[in-house]
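Chemist: I'd like to ask some things about the structure below.
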Amino acid sequence: MSLPTMDKPVRQLFGTDGIRGVAGEYPLDPHTVFAIGRALGARLVEKYQTARVLIGQDTRESSDWISRALARGLESANCGVASAGVITTPGVAYLTRTHGFSAGIVVSASHNPWTDNGIKVFGANGYKLSDDIEHEIEAQIFYHLEELERAESEGEGPAMLPGDDKLREDYAEWLRSQVEGTDFSKFRVLLDCANGAASSIAHLVFPKVGVFSEFTHICPTGRNINANCGALHPEEAAKHVGQSRGRFDLGITFDGDADRALFSDGDGNIVNGDAVLLLAARDMKARGHLKEDTVVATTMSNMGLEAALKRSGIRMLRAAVGDKYVLEEMKKTGATLGGEQSGHILFMDSDATTGDGILTALRVLEVLARSGKSLAELIADLKVFPQVIRNVKVNAKIPMKELPAVMSAIEAAEQDLGDSGRVVVRYSGTEKLARVMIEAESEAKMNQHATAIAEAIQEAIGI
């Protein structure tokens, strides 16, 4: 089978969570980033006439120049620009919809390495753009790329965009208001900010609502975001909590842009997004906040979560991976709670428009305070099916159905496992990876089939 070369730029910029890539390389080279800003600015000026865009960023060393290039592109289309500086992704979403901005842009690659970066766009309502709108913007970006002179895109601009501290404080105040009146004085929490965007916000929230907070990984260098810390490595905080001999009630870890959170209980056991969905769903149902008695999870959520929710009279629906797609399903069904195993949780009863790691942490603490129980006690009946995830680096994202050996391995696994397991094989929307996820009652069969499928992918399109 001949495979398409990856040397030439592919005209497909947006993945499941905006545009991502290696900073400095297409599509995150200065020329293309400028064109992205110009295309978005032109679209907004046509729609709003006097358009203003809010830009926020994480702590990667490339985030400054990408923000500047975007700002120059926007301003070249006569679109106004404001900056929130280093701030979380959900912070930009909140401020965009509450402060009258025409759109919000986040410069971040979330959990990716520091060498990567990305661009996420929110509409004036604080929601991520639909796939259809992203496709329209792509066409405009390529038009501007062809029209622009490279010298214009690489012109001079400010050394950095000054961030507005008032904007960050407004967002922090909203977060605090979500748990107003709750007594958190008995909680002692370890917070891992991943040397990322949470470093600029978390200290404005947790201590001020009464949580005894110890912060770690809050000294970003531009190159240490997500490095052996945060939600990408929750075992680090979990180990610290477990060895603290009761000093901490739980650990909380954020990823680079703090749109998700993972936890560890007082014994140092890692608690993922599935468990958070379970405890939040039960609490919301008891208070009459769980509309339709429904939770929206994804294809990656464990079968054990579905069983535990069913025992509580709660229906679970599965959406495609990506909090954007979870939100779409929530809107369709009227659900007020949804999320991913990775820790993206959406609380529609808090009027949130995207996953928010800090809000999730506050809501979990609120459930603990309300119930008087520990995190471990609240999720004790969650019996997780054995699950394995294998990541395979690929040189091209060929549709699986066009890879006969891979399809044969998948079909063999599905036939062997039957109703006692699940097989999900998909490409990452943000990296050049194929992900193989298998759940099964039999760990031996699970690992056997995961290895067979991963090897078939590696042989067909692996790097």
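Cβ coordinates come from backbone N, Cα and C, glycine included.
For reference, Swiss-Prot lists these features for the protein:
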- Ser110: active site, phosphoserine intermediate (ACT_SITE)
- Ser110, Asp255, Asp257, Asp259: Mg(2+) binding site (BINDING)
- Ser110: phosphoserine (MOD_RES)
Chemist: Rounded to a whole number, how many Å is the Cα of Asp255 (Mg(2+) binding site) away from the Cα of Ser110 (active site, phosphoserine intermediate)?
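Modeler: Here the two Cα atoms are 6 Å apart.
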Chemist: Under 8 Å Cβ to Cβ from Asp259 (Mg(2+) binding site), same chain, six or more residues apart: give me those in sequence order, or none if nothing qualifies.
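Modeler: Residues satisfying the criterion: Thr88, Thr89, Pro90, Ser110, Asp323, His344, Thr354, Gly355, Asp356, Gly357.
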Chemist: Sort Asp259 (Mg(2+) binding site) into helix, strand or coil using the DSSP assignment.
Modeler: coil
Chemist: Which residues, in sequence order, are found in the same chain with Cβ within 8 Å of the centroid defined by the Cβ atoms of Ser110, Asp255, Asp257, Asp259 at the Mg(2+) site, excluding those residues themselves?
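Modeler: The surrounding set, listed in chain order, is Asp58, Thr88, Thr89, Ser108, His111, Gly196, Ala197, Ala231, Phe254, Gly256, Ala258, Arg260, Gly357.
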Chemist: In DSSP terms, helix, strand or coil for the residue listed as 'active site, phosphoserine intermediate'?
Modeler: coil
Chemist: For the recorded positions Ser110, Asp255, which one has its C-beta crowded by the most other C-beta atoms within 10 angstroms?
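Modeler: Answer returned by the neighbour count: Asp255.
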